[in-house]
Structure formats: C-alpha cells, structure tokens
Number of protein chains: 2
Amino acid sequence: MLKRVALWVMYDGTAFSGYQVQPGKRTVQLEVEKALRTLHKGTDVRVHASGRTDTGVHARGQVLHFDSPLMIPTERWPKAINSCLPEDVRIIEASYVQADFHSRYAAVKKEYRYRVFTPKHPDVWRRNTTFHFPYSIDFERVKKAASYLLGTHDFSSFCASNTDVQDKVRTLYELEVCKQGDEIVFRLVGSGFLYNMVRIIVGTLLEVGIGKRVPDELATILEAEDRTKAGKTAPGNGLFLWKVSYEYEIFSDEF
Amino acid sequence: MLKRVALWVMYDGTAFSGYQVQPGKRTVQLEVEKALRTLHKGTDVRVHASGRTDTGVHARGQVLHFDSPLMIPTERWPKAINSCLPEDVRIIEASYVQADFHSRYAAVKKEYRYRVFTPKHPDVWRRNTTFHFPYSIDFERVKKAASYLLGTHDFSSFCASNTDVQDKVRTLYELEVCKQGDEIVFRLVGSGFLYNMVRIIVGTLLEVGIGKRVPDELATILEAEDRTKAGKTAPGNGLFLWKVSYEYEIFSDEF
C-alpha cells in the first residue's frame, strides 16, 4: 500500500542548476530522488514539486510530494532523508497527506521574497542570497509603483517571453516592500506566478526607486501586455520561494 | 620608490584552507598575491597579514600590507585588486601608510565575533557562517562565566596544545554575549589571541550555557593553565575576525 508523503524542503540554490532534473546537471530534484532511491533500496521514487525554481534561486518553503510503501512515522522522515542529502538541501518536516493531494495543483497561494542589498561595499557572505544594488532608493516611489500591481491583471508584461503558458492572468494579493537592516526586502503573495514574474517586477520597481521611471508608468506597462515595456529581470540569487499555501495546513510547525 | 599600502580585506572563509599560503591549497594569501602579481605585470608581491585565520574562518576586517612601486591613487586600489580577485574575497578600502607600518606588529587590539545558531531546524544559508547548536542556552550563566575571563590572564587553558608560542598571557578587554535575532553572538576584544583561543572560550561557555558546567568553573579552568580542563573547540565556521585596531585609524570608512 502506497502512502503519499508531503515534504517541506529548504535549499540554498547557489550550487544548483535549479530545481528540475536536467541531464548532466546538479539539481534539487536529482538530489532528493537520489536520497529517496537509497531509502527505497534502489527503487526509483518520482518526486513532484509545487513549482520549479531557476538556477541560483532559493527555497525556504518548497513543497514536494511522493508515494511510498515504507511505514516510517511522520517525524522520522526528515532525519531519514536528510541523512542521504547534501548539506545545501534540508527536509524540515514531513506529513502524510490524502492520496489526491498534489503539491502543485492543490496550491492556492504562493509567497516569494526578494532581498536587495544596497550598501556601497559588497558583503561576501550575502553575495549568493541578495542582489547587490548599491544605489539610493526612494521608498515612497517604489511603494506607489507597487500599488498598481495589486489585484487581478494580465501580467504578460512581467513574464519572460520564452514561456508556453497561455493564460497570463494572475492575482497579486500582497506586495510589501520593507527595510530589514541594510536590505530592502520585497514580499509578494499571489495566486500563482508566471515565469520570471517576481524578478521582472522587482527589476522594474528598482528602476522606479532610483528615478529611472515614474511610479505611474506601472499602469501603462501592465496595460501594454508587452514584456519589452517592463524593466530588467533582477538576478536569481536574491529570490526565495518562501511559502506555498494549501486549503488546509499540511505541516504542524510554523511554516 | 616603493610605497607601503594597507588593505582592509573581507573574505568568506568557506572555500579557503585558511589565510596562509600552503602548497596545493586554495588560501586567501595565495589569491591576493596572485591578484597583485597580475597588477604588477608578473612581479611577485609579498603580502603580510594581521594574523592567520584557519580553514572556514571568516574575516570582516582583516588587514594586510604590501609594498608597491605603482602610483595608484588610494581610492583606485580596491577596484584594481578586486577585478583580479575571486568573489569570496573583497578589498573594501586601501590606504598608504608609513614605511614602518606592519599589519601584524603594529596591531594593538583585535576583535573577533562568533555566531551561534540555536533554532532546532538548520538554516541552509547560514550553515557556513554560524555554528548550529540547537539547545536551550541559559544566558545569565554564560554571562557570569564570561566575566571570569575579562582582564589579563595566562590563557594556556584556552590555547590549542600544538602551538610554539611561549608567552600565553593576554588581555581580554571585552567579552559580550548577546542575542541577535535567532542567533547568539559572542564579541571578544583583546590585546591578541592565542591559537584557537576564541573557539575554545566559546565552546566552554556554551557548555556552561546548557548546564554541563557551572559558571564558577571558569576560574578553576584559567588557574589550571591546562587545555584539557576547558571545553570543546567550537567549529571554525562561526568565527569572524571582525576588526584590527592600530594606534591611529588607517581607513576612512567606519571600519
């Protein structure tokens, strides 16, 4: 009898060519499936994620699921899998879920965060987890610009052109910008995100912040439904998949 | 005419076998001397540091010096050297100093910091910059124990046994322990530090913090002048050489 297991996974994306398996590349999926194969004595176990992440992108709250015949108590799963994983991926919690649960299709909300490091001098310890953007940023302008993006819109202007997704309408529930120490952190909560959407939004808002664009331009960019109207794609290293929400809480710890 | 240049250097120690050149190893000194050799068109330039750091140990404020015939304005040195350095070492500032300045012998005070990460779950992004010690720590006990170490003492009990230093008397001016978010940070300022001294002090104080030792034991450990009486050496990855002070300020920025 197979039981479905959901995993809360954290990873440092620096040394990965993204989440998804690609021939000859070190990916998160590859490492997790390798660990599960070891635990299942050589049997392949296919893992499904809430979504992919690109090269260098991090995850604090990625959710995966897989089916297993092993009778391991919930609280033992993380330790068992972690013992077979490299240090840059950690399973924080596991949970048995219903047989029809799907980490991707059942997701109702996703939160991403994006960290920008603004001091003049670089910080060697944060070079892989923040975007170093050493300019003076006008906070109020960024907030004003951000407000245009809230709600339900066609986000074509904020989607990488190389995508085959047809429906580009998404709902952005929250878009907060706040100072945390010497960083500026963007927090975006939405129904779902298009390819590169967070990074293009952040890149465009930063251009507003340094005076390269006026806040009201965001309305025009959205309406244009044209990627070339928005700003640059901010680099992947500042991006974190922070949390994936489902209709009910899957994990017991504060996720 | 040679002029002496002092450098304020920051490095992420994770991928280095420490500061000092060792055959076949990747060290900070090797990388800096390589960069200077490039800038000096193939001529070897010997670099001197305020002190070594071990494998995995970081530096926020390492100070180096070297002599050069190049007539480069102060403010251009960092950019010039950084363009030849890997991303995990950065020159923050340069300064022309007197010909008899010595980064090591002229140092009058050093500050080290040690970061301890106490939550149950590991944090993949801080695995190389904090010591993961997921136990409940009694702060007041640690502070009480730390107070015995302040002042001038023979620190033999807190010195790795494989050292040839004869005089083990040092002065500890400050030893602060404070909470910073979900971390405990130790801050030590002293006249100088013996080999592994900070790491043995932190290891011992943590043993007091979890109740393995009583605070008053620190007095006995000091008196014993015997390394075996103190606690474990805390790992190198939590340690930062924070600042080196000289009789006068060498750098203009807040160092």
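Yeah, the Cβs are placed from backbone N, Cα and C, and that goes for glycine too.
Taken from TrEMBL, the feature domain 'Pseudouridine synthase I TruA alpha/beta' applies to B:9-105 (among others).
In the three-state DSSP assignment, the secondary structure recorded for B:D54 (active site, nucleophile) is coil. Marked as active site, nucleophile by TrEMBL: B:D54.
For B:Y112 (substrate binding site), other Cβ atoms within 10 Å of its Cβ number 25. Taken from TrEMBL, the feature substrate binding site covers B:Y112.
Annotation comment: TrEMBL describes B:145-247 (among others) as domain 'Pseudouridine synthase I TruA alpha/beta'.
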**Complete:** Mapped onto three states, the DSSP assignment of B:Y112 (substrate binding site) reads strand
